Amino acid sequence: MAKTAIEVAELLYLAILVLLILTGNSLVILAFHLGSRRLRTYTNYFVVNLAVCDLMVGILSVPLWMYVRIDASAHSNPAFSKAFLASDILFGCGSILSLTSISIERMVAVKYPARHFNLTHKPVVIAIIIIWSLASLFAGLSILGRSREFTTTIFVLSFICPALVILFSYLIIFLVARKTVATTSSKIIKEVRVAKMVFIIIGLFLLCWLPFFIMNMLYFYCFDWCANIPYWLLIVTKILHYSNSMMNVIVYAICSPDFRNAFKTLLRRKSKRARTESRVTLRPFRSRTLTNDISCGAEETNITTCNGSPFRAKSGSFYIERRRAGSAVSARIRTHSDFNGKMSHSTDSVDKVHLTSATPV
């Protein structure tokens, strides 16, 4: 079935979105594990959990949606439809419950700094386990069937209730922040600054997901009116909530100096490694001279090493000269003392290949 230009553009956007989601959220996870210890805060444990949910959206949910957009008959397969719906609910609920946990943690850090300072990792780990347990429960129930009652329950438990908790938490943070202006406690100011970043993340989440939830509720409660809703609007709400999975990384890079520095370090390290692997270098060596002639019968191959025995060196530099000498050929393996890393020009050389040995044999 031929695709229109808009459908092709949509698929292209989704393909780019998958790459951005995978790259960005992988950076967040790597930054947490490999970056500065300053990143290993209680907030960032939930941030990494959120990144895992977003990463799975890029691995499963968006590709499945792309398949639906390519093959409209995919929904006629009950197994595919249930798997697609379950993955959407699992990672969507995981995301909003992670954001809810972050809001509560930020509220405790700002309102009760002493209690937050004495907090251990155990409550954080328990909270993450509860997040995935609830998300898995909602996703599992979706396999049993989708009805008006089920959709309403999911909407209330996975969106309305978390949104109310988030709003209450940030109301407390706002009230404490107003008093902080007078006290200018550096610790509280830092916690409020982190809370502002989280507030932006939550705002983007609600902005991207609310239209999708509204469309789902309209579908079940006023189906006749929904028949008049343009189909492209339904598609836009779906794409919008998937796009949220790559927005958080941008917020971290802009609002969090620690994450920003960790991202730069990771990218710089990867770039440096790529340049090192692709660069061919020759270094001066002092070595013994070893000559070995081998008759080959077709062409003369001269292999010159620069570090003595290639079987003992940590790294070796050598070049190959090939000379044609009629039908007879000898191959000589030799090393130079005081090799200066430059190949001399030979008048009878047909071709020279410069190589660098990276590891010993």
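Yeah, the Cβs are placed from backbone N, Cα and C, and that goes for glycine too.
Within the chain carrying the transmembrane segment (12-34), a Cβ under 8 angstroms from the stretch's Cβ atoms is held by residues 40, 44, 47-48, 51-52, 54-55, 57-59, 62-63, 65-66, 69, 239, 242-243, 245-246, 248-250, 252, 259, 262-263, 266-267, all 6 or more beyond its ends. The transmembrane segment annotation in TrEMBL covers 12-34 (among others).
The domain 'G-protein coupled receptors family 1 profile' feature in TrEMBL is assigned to 24-252.
Per TrEMBL, the feature transmembrane segment maps to 46-68 (among others). Sequence-remote contacts of a segment are chain residues at least 6 beyond its ends whose Cβ falls under 8 Å from one of its Cβ atoms, and for the transmembrane segment (46-68) they are 11, 14-15, 17-18, 21-22, 25-26, 28-29, 32, 74-75, 80, 83-84, 87-88, 90-91, 94-95, 98-99, 101-102, 105, 124, 127-128, 131, 238, 242, 244-246, 248-249, 252.
Feature annotation from TrEMBL assigns transmembrane segment to 83-104 (among others).
A Cβ distance under 8 Å defines the sequence-distant neighbours of the transmembrane segment (124-144), meaning residues of its chain 6+ beyond its ends; these are 42, 45-46, 49, 82, 85-87, 89-91, 93-94, 97-98, 101, 105, 150, 154, 157-158. Marked as transmembrane segment by TrEMBL: 124-144 (among others).
Feature annotation from TrEMBL assigns transmembrane segment to 150-177 (among others). Sequence-distant contacts of the transmembrane segment (150-177) (same chain, six or more residues past either end, CB-CB distance under 8 Å): 89, 92-93, 96-97, 99-100, 103-104, 106-107, 110-111, 138, 141-142, 188, 192, 195, 199, 202, 206, 209-210, 213, 216-217, 220.
The feature transmembrane segment is assigned by TrEMBL to 198-219 (among others).
Taken from TrEMBL, the feature transmembrane segment covers 231-255 (among others).
Feature annotation from TrEMBL assigns region 'Disordered' to 340-361.
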Are there residues at least six beyond either end of the transmembrane segment (231-255) with Cβ under 8 Å to its Cβ atoms? List them, or say none.
6, 10, 13-14, 17, 20-21, 24-25, 27-28, 47, 50-51, 53-55, 57-58, 61-62, 65, 92, 95, 196-197, 200-201, 204-205, 208-209, 211-212, 214-215, 263
What residues in the same chain, six or more past the boundaries of the transmembrane segment (198-219), come closer than 8 Å to it by Cβ-Cβ distance?
43, 92, 95-96, 99, 102-103, 106, 151-152, 155, 159, 163, 166, 170, 225-226, 229, 233-234, 236-238, 240-241, 243-244, 247-248, 251, 255
Local confidence of the prediction over the domain 'G-protein coupled receptors family 1 profile' (24-252), expressed as mean pLDDT:
85
